[in-house]
């Protein structure tokens with residue numbers, strides 16, 4: 001494969017989805033075609049799995065079921081959308097990927113990093129991003145943002161207790177520390193304009209020949 005895979009990661013409330021929307025007009029100026037996508041989702045069946053995972057009514061979904069639903073959606077998404085684009089030499093930029101499962105299910109749900117790493121490898125055949133942008137934010141600030149900005153569309157994972165969200169952030173920070181060559185940490189507590197500017201600066205420096 002000669003494409004480029006970029007993932008965006010961060011706790012709920014960090015604003016990475018908004019940042020992706022803001023940077024798209026600029027990164028679509030890259031020499032290669034850019035394919036924006038998201039997890040869970042990206043293709044039809046994976047989007048249906050997304051609705052099951054995030055529906056606040058589905059309280060009977062336990063931690064292991066949740067993890068396996070995420071991995072099933074990931075496999076579908078990778079096979080149908082990500083791999084064909086990467087094989088065609090395109091730039092795939094994905095809102096959440098393998099590290100979300102490690103942070104949320106491995107750390108947040110206490111299922112164990114080794115278990116999640118293995119399932120990620122099984123679902124993706126070992127595919128890893130060329131670059132992962134991690135949007136970091138204090139847990140209390142993130143939860144305030146969720147309640148303020150998404151009060152009318154809070155999902156099942158948003159409703160988790162604050163302690164779970166703290167474990168997710170701590171997990172992310174450990175993941176970032178383990179692979180410093182793959183990750184770039186961005187301060188998501190700044191203004192949206194500054195976060196967008198920092199994100200574009202990182203991308204243009206890392207992939208200078210692509211712009």
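Cβ atoms here come from the backbone N, Cα and C positions, even for glycine.
Annotation source Swiss-Prot lists ATP binding site at 10, 11, 12, 13, 14, 15, 16, 17, citing sequence analysis. Within the same chain, the residues at least 6 positions away from residue 13 (ATP binding site) whose Cβ sits under 8 Å from its Cβ are 137, 141, 142, 143, 144, 145, 146, listed in sequence order. Annotation note: residue 13 (ATP binding site) sits in a coil segment as assigned by DSSP.
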Same chain, 6+ residues apart, C-beta under 8 Å of the C-beta of residue 14 (ATP binding site), given in sequence order: 135, 136, 137, 142, 188
Neighbours of 10, 11, 12, 13, 14, 15, 16, 17 excl. site residues, C-beta within 8 Å of centre, ATP: 135, 137, 142, 188
